[in-house]
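Following: one structure in structure tokens, then a few remarks.
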Amino acid sequence: MAQDVTYSSYLDLDRILAAQHPVSGAHDEMLFIIVHQASELWLKLCLHELFAARDCIAADNLRPSFKMLSRVARAQTQLIQSWDVLSTMTPHDYSQIRPHLGRSSGFQSPQYRMMEFLLGGRNPDMVAMHEPTPEIATALREELARTSLYDEAIRLLSRRGFAIPDEVLARKLDEVWVRSEEVEAAWAEIYRDPQQHWDLYELAEKLVDLEYHFQRWRFGHLKTVERIIGFKRGTGGTKGVPYLEGVLKQAFFPELLSVRTAI
């Protein structure tokens, strides 16, 4: 019954606060664990909102999606700020923890990968690392078979009468998005006359917000890694900073960036 619910029981705090298990004996390991666990909770919220927003866009019901996408952008700022907390860890602090991490890495976060896939940053090869956990690998493959958030936005443009090529609408969903001049032209028409296409204009700006904050998060990740471990390889086997620099060049919604030059 509701009157029996307490703050702790509703939030399941006993389990949440008992989920930190430092193994190194280092003081800073608690910080390391909590920052990553908190980030996973924010990612869970982002996914919750993005899945719902995608459904709204597919149904041409944009107004609720704007609130959802705005909420994701706010949650992303929390993810970005988490690097400020983690960066209080020095190279010496991290060196006491790293030997206990094995090959575990944030690169292996299934929720991060799901968010990339959902936004449109798709690479089927990234599922392989999750094969030891079949339910996660299955969920990621199922997402690759669905339209991404950006695919749904482009399909909406087509339904609204914009000239989107058939090859764009029928593209393989599990492949990386390839920039389209016709898609850029559609966005350019919207940006040149926002009053005529206000809801699509607002959708475009909400998507740009997501891209902007995601890139800020990636940049924060890069600079935090650079500050703490320099140019060592990552625990997950990546090249560390050089890998993160390469990721910064990847865009989810390329036409929404290039259209700024076009107009």
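Cβ atoms here come from the backbone N, Cα and C positions, even for glycine.
Annotated substrate binding site per Swiss-Prot: F32, I33, I34, V35, H36, Y94, R98, T235, in sequence order. Positions annotated as heme binding site by Swiss-Prot: H221.
Here the features listed in Swiss-Prot are placed on the structure.
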residue	record	Cβ within 10 Å
F32	substrate binding site	20
I33	substrate binding site	16
I34	substrate binding site	15
V35	substrate binding site	19
H36	substrate binding site	14
Y94	substrate binding site	19
R98	substrate binding site	17
H221	heme binding site	20
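Recorded residues Y94 (substrate binding site) and H221 (heme binding site) have their alpha carbons 15 Å apart, per Cα-Cα distance.
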